[in-house]
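As written in TrEMBL, here are the features:
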type: TRANSMEM; residues: C:6-35; note: transmembrane segment
type: TRANSMEM; residues: C:42-60; note: transmembrane segment
type: TRANSMEM; residues: C:66-90; note: transmembrane segment
type: TRANSMEM; residues: C:102-122; note: transmembrane segment
type: TRANSMEM; residues: C:142-164; note: transmembrane segment
type: TRANSMEM; residues: C:193-215; note: transmembrane segment
type: TRANSMEM; residues: C:227-254; note: transmembrane segment
type: TRANSMEM; residues: C:266-282; note: transmembrane segment
Amino acid sequence: MSLLEARGLVRHFGGLRAIDGVDFDLSAGEIHALIGPNGAGKSTLVGLLSGRIPAQAGTIRFDGRDITRLPAHVRVGCGIAYAFQITSVFPRLTTFDNVALAVQRTGARDLAAATGAALARVGLAGEAGQLAGTLSYGHQRLLEIAMGLALAPRLLILDEPTQGLATGEIESFMALVRSLVPEVTVLLIEHNMEVVMDLAQRITVLNAGRVLARGTPSAIQADRAVQAAYLGG
Amino acid sequence: MRMLALHLAVLAGVAALQFVLPAYHHTNAARILVLATYAIGFNIAFGYTGLLSLGHALFFAGGMYATGLLVDQGGWQPWAALLAGPAAGGVLAAGVGLLALRTAGPAFMIVTLMFAQAFHLAILYWGRFTGGDEGFTLSGAARRLGPFDLADPATRYGAAFLLFAAAMLGCLALVRSRTGRVLIAVRENEERTRMLGYDPFRAKLLALVLSGLLSGAAGATYGLMFGYVGGSFAAIQYSILPLIWVLLGGAGTVLGPLLGTALLFYLIDWASSVTTASQFVVGAVLILLVLFAPRGLLGLLRERGLRSLP
Amino acid sequence: MDFGPFLLLAVMEGLVGAAVLALTASGLSLVFGVLRVVNVAHGEFFMLGAVAAWFVSQWVPGPPALAFAVALVACPLLVAGLAALADRLVLKRLAYEPEATIIATIGLLYILQQAALTLYGPEARPVPPPFEARLQLPWFGWSGYKLFVIGAAGAVLAGLWLLLARSRIGLVMRATQIDRETATAFGIDVDRVYAGTFALGAALAAIAAVLIVPIQQAHYLMGGDPLLLSFIVVVIGGLGSLRGTLVAALLIGVSDGVISTFFEPTLAKILATLLVALVLVFRPQGLFGARA
Amino acid sequence: MNRETILHPTRRSLLAGGAAALTAATLPRFVQAQSSEPIRLGFQLHRTGIGAAYGRWYERTALAALKVVNEAGGIAGRPVEILFEDDATDPRRGAEGVEKLASQAKVDMIFGPLFSHVVIAAAPRAAELKIPYLVCSEGYHVASGKLNRWTLQPGITDVRAQVTAMAPWVTQNLGKKVTMIFPDYAFGHDHRDFFTEAVAAQGGEVVAQIAIPPTETSFTRYFPRIPRDTEVLYHVMVGPAVLTFVKELGEFYGSGAKPEIFGFIDSLEAVDIANPGLQFLEGSHFWEGQCRMLQPDASEAETFYRDAVGVDANGAAIEDPKNVSCYGHMFSVWETLFAIKQGMEACSWRGPQDRQAFVEAVEAFTEMPAGRERPQGAKVFNPKLHQVFGHQFISKLEGGKLVKVHETSLEDGIYPSDVDYLATSF
């Protein structure tokens with residue numbers, strides 16, 4: 001079943017055609033990876049989906065509802081959560097407060113318990129009282145994911161989640177993402193091909209603002225156009 | 001818990017002060033409490049939500065004039081007129097917010113400043129009703145709330161204390177609440193807050209309305225307590241003062257506004273008693289204070305250990 | 001008087017105001033652009049320039065033109081020196097933290113105001129213009145010196161533009177404005193640039209004051225309005241855009257005069273004030289600012 | 001809160017018998033025979049803020065009067081002290097100053113403020129503290145009935161009476177078609193309302209009213225609003241911009257035809273009338289509360305007062321001819337101190353317990369003859385209005401000198417009023 005359907009999305013910045021007529025679908029419960037060379041339009045596309053960037057043309061339907069004109073914070077309420085590319089936690093607030101902000105958005109009764117649980121899920125329960133800005137980089141990334149998860153989303157968009165993580169941390173991150181499906185649908189922008197091939201059930205490849213290819217990991221690996229544009233360099 | 005106890009202790013101390021203070025300082029304390037309420041209102045917008053307004057005199061004077069005009073010329077009961085003060089402050093803040101919150105940073109400063117300046121000029125222009133720069137005095141009857149006569153020092157202190165206590169506890173409750181957490185998040189990073197599903201515009205509007213409400217309540221109370229309503233309270237000076245009070249005490253702290261207000265009040269009082277060049281002293285102390293504690297006195301305390309200070 | 005001449009007069013008066021405002025505001029704009037702080041004491045530098053010009057007019061013998069020429073050079077230098085000192089002693093130590101700077105410059109404002117009150121006094125004192133000339137138009141007379149003010153302000157602004165656009169100093173300032181770290185990496189002494197910019201900003205305010213003081217007397221409280229107006233102009237023009245500052249000064253200076261020909265004066269002020277607010281509400285980045 | 005300041009109020013300078021002496025305000029007083037204990041008067045002073053130019057001279061006049069009073073044996077044989085408290089010409093600070101003087105410095109009564117907004121803000125506090133508050137302001141606020149039983153104005157005529165007294169002479173000698181230029185706030189509005197009324201009563205007409213916004217620093221753009229058929233231009237512009245106003249008026253009219261000009265000296269207080277920018281005023285007329293320049297017919301009391309304050313024949317400080325006084329107003333400080341003396345002696349003042357008796361004693365004032373106590377001239381006190389009414393002067397600027405051309409009678413300034421403070425409670 002399709003959770004999200006985008007049709008004919010367009011976003012230009014001045015003369016730059018960042019996204020130029022993209023159709024994009026997500027099935028409920030899948031892990032879907034979005035890849036492409038730098039400047040292909042990946043971040044713009046998820047920006048359009050999450051509502052951070054308004055679309056100039058096209059429609060986005062989420063769970064059957066047209067969300068094209070909805071502002072970002074309303075889309076979060078619909079169940080689309082976005083975890084930032086560059087860690088964007090609140091550095092001067094405690095880890096607890098960071099996650100509590102997300103938890104309370106869901107209307108949780110017992111905020112402390114629910115926040116504790118969300119922190120425990122990413123293994124940050126011990127750092128609840130620390131200022132987020134003092135956490136290690138890896139922990140800040142985990143916190144970012146914890147905030148996304150705490151929104152209890154139906155679609156979680158992860159923008160380059162493994163960037164800067166150590167190998168061990170990547171392992172536990174992948175385990176975490178796997179544990180989310182099928183309750184949560186995950187859209188992953190990722191440069192680390194090992195992670196992509198290992199995690200994703202389907203992959204969409206963007207190039208120069210257009211969809212170059214889509215399919216299973218093995219199909220993408222075999223696609224010549226993709227190899228030409230991207231994998232092969 | 002410990003923090004709640006600390007704040008209650010401060011309140012108890014303020015309540016007890018009235019029994020030991022000599023007359024002059026007794027009245028000063030009542031003034032400071034009302035002005036500190038204004039500062040708390042300013043702090044909700046500035047300290048907690050990051051909205052640096054240069055036009056809060058609009059809300060303070062708006063509340064003062066609403067109450068003053070209704071009781072003096074509208075024939076309202078003082079009780080009802082007093083309630084009109086915060087209402088006016090809140091409504092003005094909502095109106096200003098709907099327009100000004102389309103902007104941010106320096107543009108927000110200017111837009112709020114311009115609305116306040118227009119209001120100040122309007123008070124001068126429609127002097128037939130407002131008394132212009134001279135303002136008008138309130139009669140004894142206008143200052144009697146049922147059995148309570150605000151011209152009586154003990155009653156006045158009580159009223160100032162109640163207003164301040166309500167504002168301070170309200171502020172404490174707000175910043176420790178879920179709403180308060182969202183306001184702080186907007187201050188820290190508006191875009192990130194939006195991506196957590198909150199509408200920053202609504203949060204900022206709420207903060208500004210609460211801020212205007214408290215400012216209006218302070219202005220209305222000040223007018224009734226001291227029997228005078230005047231245009232100078234709408235001047236830019238009264239938009240800058242709460243900024244100084246809050247920054248001195250510590251922006252984004254519950255007790256900072258009281259500390260900063262009292263400090264500046266007594267700094268001026270003391271300076272003018274030691275020298276005729278009192279502004280010299282005030283200026284120098286401000287600079288030294290800010291060199292010593294750039295984030296305000298309570299901000300300094302927070303950095304030096306009391307991290308959980310709300 | 002007929003409407004045409006009335007409007008002409010309003011525009012001419014507006015130009016004088018705009019010229020002086022443009023100078024003062026460009027000083028604030030530079031400081032805002034490079035140091036990223038609001039200098040609340042900017043108006044007091046303006047006032048100091050005017051007060052110093054009065055002292056010069058008292059001490060320098062000979063024709064008023066000589067004293068005026070001396071003031072035009074000496075007063076900005078003096079004020080710039082004071083500003084550089086304030087920068088070194090206070091602002092630098094605050095690392096130009098915006099909020100702390102507001103308080104520090106408010107403190108500076110108090111000190112400068114008190115110094116003027118104590119050393120100069122509370123009276124408004126006139127400074128003789130360098131020359132007396134009166135323009136007689138068919139409908140009314142006008143001050144020839146005011147024409148000179150417009151011209152002189154234009155010349156100083158042109159010089160400022162050359163300095164910023166063509167000289168090494170301007171390049172260094174722009175580099176620091178764009179990225180402090182990179183500037184440091186390129187061997188630019190950022191501390192010196194900051195002190196210099198702060199001093200230059202103050203000097204511009206002082207020049208404006210020396211020009212206007214033969215029209216408007218020196219008074220220790222005269223700094224408030226120039227500060228507010230400059231701040232408005234800088235934001236309306238668009239932060240960091242000197243061109244925007246100049247255009248906004250022209251717009252505000254002239255429109256203020258023109259609006260006042262249609263309405264009662266205070267009502268006109270109220271409307272002009274609201275207009276400024278609405279311009280920003282619908283164009284928050286200012287006239288020439290880049291949208292964030 | 002700053003504990004130290006609360007518990008140990010700092011030392012403040014006290015001026016006793018003209019000489020500065022230091023004492024601690026709240027130290028226990030030495031037991032003294034009441035008869036020798038000094039009378040302490042509070043003075044609300046515009047030391048800073050927009051009123052500072054007046055404040056400086058008000059202080060100087062108060063000290064001069066104090067010296068004269070003390071040298072003549074003080075009040076009822078007791079020495080007098082004056083405590084000055086700066087109000088920054090700000091209403092809130094003014095009210096606070098009244099509290100400080102009354103509650104902390106424990107003065108017997110307070111006098112001295114000039115600016116109306118300060119007076120109106122502070123008067124309610126004075127009434128609550130039940131302390132006599134004698135204002136030296138020409139504003140129409142005491143006589144309007146806005147204030148209270150404790151606020152009195154025995155030293156200077158209010159603006160309504162001033163303009164009422166002035167109007168007949170202006171319409172008969174200068175012209176009947178008047179254009180008024182005034183600041184767009186309460187003081188200007190009082191001029192507008194009462195002068196317009198008084199001119200109409202004389203068969204004249206105010207053909208235009210030009211209200212100038214506060215803080216305006218340039219005026220030329222308003223001059224085209226002056227109708228061509230204006231015979232008299234009436235100006236009152238309080239504030240530092242007055243020189244600009246005059247200069248621009250001169251540039252506007254040039255040497256061509258221009259209306260007669262009548263102004264209030266308020267604009268030019270503390271300003272040297274021989275300033276190069278002011279030539280345009282040559283031949284114009286001024287209201288003066290008291291003639292700044294020594295007139296040939298000056299009374300002995302006038303010259304005595306002038307010498308005591310240290311003012312030369314041109315109205316400037318004797319030590320600095322460029323330091324021009326606020327001569328048209330500052331006599332009110334002198335006369336108010338002597339009114340205090342008269343009232344205190346009339347009620348056999350013992351101490352603060354006699355404050356109400358003092359007010360009642362002043363309310364018994366009627367005729368107040370000229371003399372050293374009243375160098376500005378004879379006055380009549382109206383107890384119902386708490387307001388004094390005196391002579392007004394019209395001077396013409398001739399050759400850089402202000403020459404008296406007319407003195408109004410006491411009756412000229414009387415206007416109907418139903419205000420009666422005597423019917424209000426203490």
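Cβ from N, Cα, C; glycine included.
In TrEMBL, annotation is done automatically, which means it is predicted and not curated.
Each of C:102-122, C:193-215, C:227-254 was scored by its Cβ pairs under 8 Å to the transmembrane segment (C:142-164), and the highest score goes to C:193-215.
Taking residue pairs at least 6 apart in sequence, the transmembrane segment (C:42-60) and the transmembrane segment (C:102-122) share three or more C-beta contacts under 8 angstroms. Pairs of Cβ atoms less than 8 Å apart link the transmembrane segment (C:42-60) most often to C:193-215, out of C:6-35, C:193-215, C:266-282. Each of C:6-35, C:193-215, C:227-254, C:266-282 was scored by its Cβ pairs under 8 Å to the transmembrane segment (C:66-90), and the highest score goes to C:193-215.
Residues of the same chain lying 6 or more positions beyond the ends of the transmembrane segment (C:266-282) and with a Cβ under 8 Å from any Cβ of it are 232, 235-236, 252, 255-256, 259-260.
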